[in-house]
Amino acid sequence: MTKDKKKKDNVRYMDVEFNVSMHCNDCERKIARVISKFKGVETFVTDMINHKVVVRGKIDPNKLLKKLKKKTGKRVKIVVKEEKGEESSKENENVLEIDMESICLGDQSMFGFCDWEMEKFMVFSDENVKAICSIS
């Protein structure tokens, strides 16, 4: 086997749950930034209250673990590894979608504000001087 085939064998589509020490919104943002830049990540959900991050995609969990430890300086542990086969249950996908919706549709998103709330204020702000208000 060549090195390319070995690398492809280790990388599979999976859901991985990490236990990450997060105590404030800045910690959560830093972790989200590192995970979003990692190659192969499709979606991720951070839960600051339970100190957990669920990552879904074609990733090598050990590489992501090392990257999170190095970039954030936090204690990180792998909690669950689930490989997705052809007969994957849709319950896990639905739970992840519900978690994503609850984070975005709640009072605040994981970054402290919702995008749709900010759009209302940005339409007629002082920074957007070319905004046109036309009342028909």
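Placed from the backbone N, Cα and C atoms, the Cβ positions cover glycine too.
Per Swiss-Prot, the feature domain 'HMA' maps to 13-77. Look at Swiss-Prot and you will find Cys24, Cys27 tagged as metal cation binding site. Marked as S-farnesyl cysteine by Swiss-Prot on the basis of similarity to another entry: Cys133. What Swiss-Prot lists as cysteine methyl ester is Cys133.
For Cys27 (metal cation binding site), the same-chain residues lying six or more positions away in sequence with a CB closer than 8 A to its CB are Ser21, Met48, Thr72, Lys74.
Per-residue pLDDT, averaged over the domain 'HMA' (13-77), rounds to 90. For Cys24 (metal cation binding site), the number of other Cβ atoms no farther than 10 Å from its own Cβ, over all displayed protein chains, is 9.
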